[in-house]
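Taken straight from TrEMBL:
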DOMAIN    68-476  domain 'Major facilitator superfamily (MFS) profile'
TRANSMEM  68-92  transmembrane segment
TRANSMEM  104-123  transmembrane segment
TRANSMEM  135-152  transmembrane segment
TRANSMEM  164-185  transmembrane segment
TRANSMEM  197-217  transmembrane segment
TRANSMEM  229-248  transmembrane segment
TRANSMEM  292-316  transmembrane segment
TRANSMEM  328-348  transmembrane segment
TRANSMEM  355-375  transmembrane segment
TRANSMEM  387-406  transmembrane segment
TRANSMEM  418-438  transmembrane segment
TRANSMEM  450-471  transmembrane segment
Amino acid sequence: MSTAHNNDKPEVQHVDHVHAAGEDTLDSEKQDIYAGKIDPETAKYLDPTLVIDEALNKQIKRLVDFRILPFLLLIYFCQTFDKATLAFSSIMGLQQDNNLQGQQYSTLGTILYAGYLIGEIPVNRILQKTPIGKFMGILVTIWGTIVCMHAVCKNFGGLMAVRFLLGLFESGVQPALMLLTTMYYRRNEHPTIISYWYGMQGAQLCVSGLIAFGLTYVQSSPLRQWQCLFLIVGLFTVVVGIATFILLPDSPMKAKQKTMIIERLRINEQGVQDSRWKWEQMWEAFRDPAVWCYWIMQIAGFIIVNGLAVFANIIVKGLGFTVRQTQLLNLAQGGFSLIIYFGTAWVARLTNQTCLVLVGTMTIALAGTVVLLTVPVSPKTAPGLLLAFYFANFVIAAGSLLYSIVTRNVAGQTKKATTSAMLFVTYGAGCIIGPQVFRAKDAPRYKLAFAVHIGLYAFFIVMTLILRVIFMRRNHVRRRDHEGTAQTGVEQIDHDQAFADLTDLQNKRSFRYVY
């Protein structure tokens, strides 16, 4: 099958040959297998002569969607569901029953990410070495149990302990889901697939809002409303964890149609798996300016995202809405979030301009934040300010779009693991800082926090444009130096080293950046 891409320069057609391999391709791959460059388990199931036409491609994708996508959705739904319980319980009596004072509630939003940050240090290496299905099943089950334990807490110290442990055991989720996405899907599919599982944040807002709204009518139960919320959410997570342990495959090599799944990914030039640690790839990640752009964008984006997430209900209630109205309004926010995730992913895939779409979404969020900062609260302005808050939530697309850029533009298993660790350490750092920007004495408008957010938006936009320039320059140099082009204006690429575990910087002949 041949596919054409023109995401770099419209005048250059990029043609990928992913079937009917010639003798040179076969010989090159055999040499890589003999030299040990290809993961031994992967090498058993390679067949570069396999024809992946459009019909077979769709058949394989449907199979992968059926077996893998439900777990991506459920696991991320549970993670966002579990973290959101703090925001919902904040107006259900949690603060009063546990005698939280001053910045203690903000600290509960922060401590989770301290655990997350510590967990990120080993988790990416563990994911590279262990069966991912079993590992994720155990993690989800443990953290679901920890969510249930919130219900027995009676003071700040107890809540701090369970929030820290929750972050520690949730630290593997997003790296694992990014790894599963690259393991099973083609690069052009990443924005859509990541938006699907990332969009579970919007879905959980709708579900959490309904549950929290229903619990406001619970008056005679021996359990407090917020305790019921933690138990419902935690028990559901435990069930998902057990199902994940039993049913989620550990890799494409454990699936029934191994060769077809693997060969479908040849076009990615990113391999599938390799448990060997390669120090040169780790050092390359540290030296790559593109990786540092990801790093900076991640911390800037999630200072904003997590601050808004932890204080969302408090901000909305501060606009003059009652507790029940605030819980119900989460349905609207959740629906709006789904539109943001799916809409931005659709536009990014349609235009092949993910970086520019990211700039556009952050500009919309910036405009919403300016309104929140400058317009005074009154019964007349409350609906408009609520809409501005929803527009400020366009920032949530920073996560899904940035991750789709990273998964498509980093190759080499050790480099991917290193980059992932760097990203999610800064994710934890950003989420630690985020709630602290919202000071108790600034409630309910939090003008200082919104002013900080405005500066971070501008910084994020500049870094996104710098990243785009880096990718454009690299692709230009590779097109200029590429040999074997059959005709003017057509760049022909044969993926004969797709599984040799080369990094994106090493694989200058076949790897092209998409942005």
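Backbone N, Cα and C define each Cβ position, glycine as well.
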Does the transmembrane segment (229-248) reach the transmembrane segment (197-217) with at least 3 CB pairs under 8 A, where each pair is 6 or more residues apart? yes
Any chance the transmembrane segment (164-185) and the transmembrane segment (450-471) are in contact, meaning at least three CB pairs closer than 8 A with a sequence separation of 6+? no
Could you pull the average pLDDT for the domain 'Major facilitator superfamily (MFS) profile' (68-476)? 84
By Cβ distance under 8 Å, which residues at least 6 away from the ends of the transmembrane segment (104-123) in the same chain are close to it? 83, 86, 90, 95, 156, 159-160, 163-172, 175, 306, 310-311, 421, 424-425, 427-429, 431-436, 438-440
Do any residues, 6 or more residues outside the transmembrane segment (197-217), come within under 8 Å Cβ-to-Cβ of it, and if so which ones? 69, 72-73, 75-77, 80-81, 84-85, 88, 92, 177, 181, 225, 228-229, 232-233, 323-324, 327-331, 333-342, 396, 399-400, 403
Report, as numbers and ranges, which residues of the same chain sit near the transmembrane segment (68-92): CB under 8 Å and 6 or more residues beyond its ends. 105, 108-109, 112, 136, 140, 143-144, 147, 150, 163, 166, 170, 173-174, 176-177, 180-181, 184, 193, 196-198, 200-201, 203-205, 207-209, 212, 215-216, 224-226, 229-230, 233-234, 236-237, 240-241, 243-244, 247-249, 309-314, 317, 323, 326-327, 330
Other than its close neighbours in sequence, what residues sit by the transmembrane segment (418-438), given a CB gap under 8 Å and a spacing of at least six beyond its ends? 103, 106-107, 109-110, 112-114, 116-117, 120-121, 123-125, 167, 171, 174-175, 178-179, 281-282, 285-286, 291, 294-295, 298-311, 406, 410, 446, 448-449, 452-453
With pairs closer than 6 in sequence left out, are the transmembrane segment (135-152) and the transmembrane segment (450-471) joined by 3 or more CB pairs under 8 Å? no
